[in-house]
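*Asks:* I have a structure I would like to understand better, so I am pasting it below and will then ask my questions one at a time.
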Amino acid sequence: LGSVVAYFTSAKFLLYLGHALSTWGDRMWHFAVSVFLVELYGNSLLLTAVYGLVVAGSVLLLGALIGDWVDKNSRLKVAQTSLIVQNSSVILCGVILMIIFLFKTQLLTLYHGWLLTLCYILVITIANIANLASTATAITIQRDWIVVVAGEDRSKLADMNATIRRIDQLTNILAPMAVGQIMTFGSPMIGCGFISGWNLMSMCVEYLLLWKVYQKTPTLARKAAKVEASELKQLNAKKESDVKPAEGVQLIIEKDVSGFEPQQEKEVGCAARIAEPFITFRDGWVAYYNQPVFLAGMGLAFLYMTVLGFDCITTGYAYTQGLSGSVLSLLMGASAVTGIMGTVAFTWLRRKCGLIRTGLISGVAQFACLILCAISVFMPGSPMDLTVSPFADISARLFENEPLPTIASPASEMIFATGMPNLSNGSIAPADSDPEMSPEPVPLISVSLLFAGVIAARVGLWSFDLTVTQLLQENVIESERGIINGVQNSMNYLLDLLHFIMVILAPNPEAFGLLVLISVSFVAMGHIMYFRFAQKSLGKQLFVCHTPDPKEVPDSSPPGNTSTV
């Protein structure tokens, strides 16, 4: 009984509890805000698309600056500030949305509707601030606090990372279901009120939990404000023959040292303040490039350039192939189960083969499963037809003056549910088909293979994600954890944006097979980058599987040597 009480009062459990509350509120808000924006703007996806673009662009541009702010301030201040800003922004957004829902008719008549437009801009801006604060929270808790709480025990760090991912998997499924039920049986306004109330309560509890974790882990109070001499010596131990030290580290040191020269800062004045964000942005990307785990991080980012996931694009394609919403919900549940299996596989493989080899095995497993997706493109039932122009549907609507569907029309229910237009209602039928004849059912072999590959690949995907996460935690020095992980987030968002652009350029189901093949190619490139990293790190020991020493540091060259990769 004493050990049970000790566990439930430990810093580790309190960190899990705080993360669960934070993630639950985060997932509810991300799901609901898109629905609210669609509901507000006449059942159009315009506001949702603008919101998604603003969020992705902001993290892409500001990721390094957010990480730099995390590095420069004390851990407790960063965690508490980002927590308060995030939850306060969501609460404020919820209140504004409730006002819009209540007084939308009156707002439309004021100033020719400009006041309502201003409210839309305000909602998107504040929601974006909430997302940036959420990014800061994720960096400081999942990339820094968790490392300090685990201490020198890398097995404990691996277990904590895996538990955090399991919490993410469960909340990804359960939180949208919960808020969706409230909005379905209540109303969007009730949903806004519930989310605002939840975030208010959650903010108070999370604040208390953070304080408790901080008290129980005294090492959290000690944080490197700059690169220490001992760290420099370790980083550059093998670089004495090089022309110059690692540029990224050198730039950061100069920036830290300049903080101790107030007189020089006064002389530079306003110009320096204007230039500082741009310098930080540059320094962050240079430091990221000079990291020993640069290729591993790039490999993870390349996995975001894919349509082989349970996002609106793949589910929309599934609808065009005849899968029902209930079947898709079961498939999403199965993907969550395989994702959790991936976190279990990660901890087991790491103990047996070591961290770097775990990434290799996970990558091979993921790619092997995705081969099924590539095969599905050529199986019966696949609509792939490269002779059909990907812009055929768009050009028909533009040049033949056909109206774009709205959510209110039956043809556009697909857009609301999946984010893709329903192209299976005759627009993709052969030109010589008889309209009086009932269409033959689409063979399910192709789509079955596609989703079998996607679901099975989640085991390798999440194990690989955890591997790269821990490599970043273990190999990035404390004074750079924030800025390096901020740039990593930016890279992830960049490749994610590219995959949406890819879909915009080829939106028809006939072109989806091509998108699948491109996605598999990018996953392969990502794992090739990781293989190159593993080869440089382990050399001839790459394929020698053994039980690693708990204190074993993955053999990595100094940051400056990564420029030769």
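Just so you know, glycine gets a Cβ as well, placed from its N, Cα and C.
Values in this document were obtained by computation on a predicted structure and should not be read as measured data.
Taken from TrEMBL, the feature transmembrane segment covers 44-70, 82-103, 109-133, 293-319, 325-348, 360-379, 442-461, 482-505, 511-531.
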*Asks:* Test of understanding: applying the rule of at least three C-beta pairs under 8 Å (pairs 6 or more apart in sequence), is the transmembrane segment (82-103) touching the transmembrane segment (109-133)?
*Replies:* yes
*Asks:* Please figure out which one of 44-70, 82-103, 293-319 racks up the most CB pairs under 8 Å against the transmembrane segment (511-531).
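*Replies:* Stretch with the highest Cβ contact count: 293-319.
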*Asks:* Applying the under-8 angstroms CB criterion, which one of 44-70, 82-103, 360-379, 442-461 scores highest with the transmembrane segment (293-319)?
*Replies:* 442-461
*Asks:* Please work out whether the transmembrane segment (442-461) lies in contact with the transmembrane segment (325-348), by counting C-beta pairs under 8 angstroms that are 6 or more apart in sequence and asking whether there are at least 3.
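*Replies:* In contact, yes.
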*Asks:* Same chain only, please: residues at least 6 beyond the ends of the transmembrane segment (482-505) with a C-beta under 8 Å from a C-beta of the stretch. Say none if there are none.
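*Replies:* That would be 52, 56-57, 59-61, 63-71, 135, 138-140, 143-144, 252, 280, 283-285, 287-288, 291, 297-298, 300-307, 313, 390, 472, 476, 515, 518-519, 522.
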*Asks:* State the non-local partners of the transmembrane segment (360-379) in its own chain: residues 6+ outside its ends, Cβ under 8 Å from one of its Cβ atoms.
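*Replies:* Sequence-remote neighbours of the transmembrane segment (360-379) are 299, 308, 342, 345-346, 349, 353, 445-450, 452-454, 456-457, 459-461, 463-464, 467, 513, 516-517, 519-520, 523-524, 526-527, 530-531, 534, 542.
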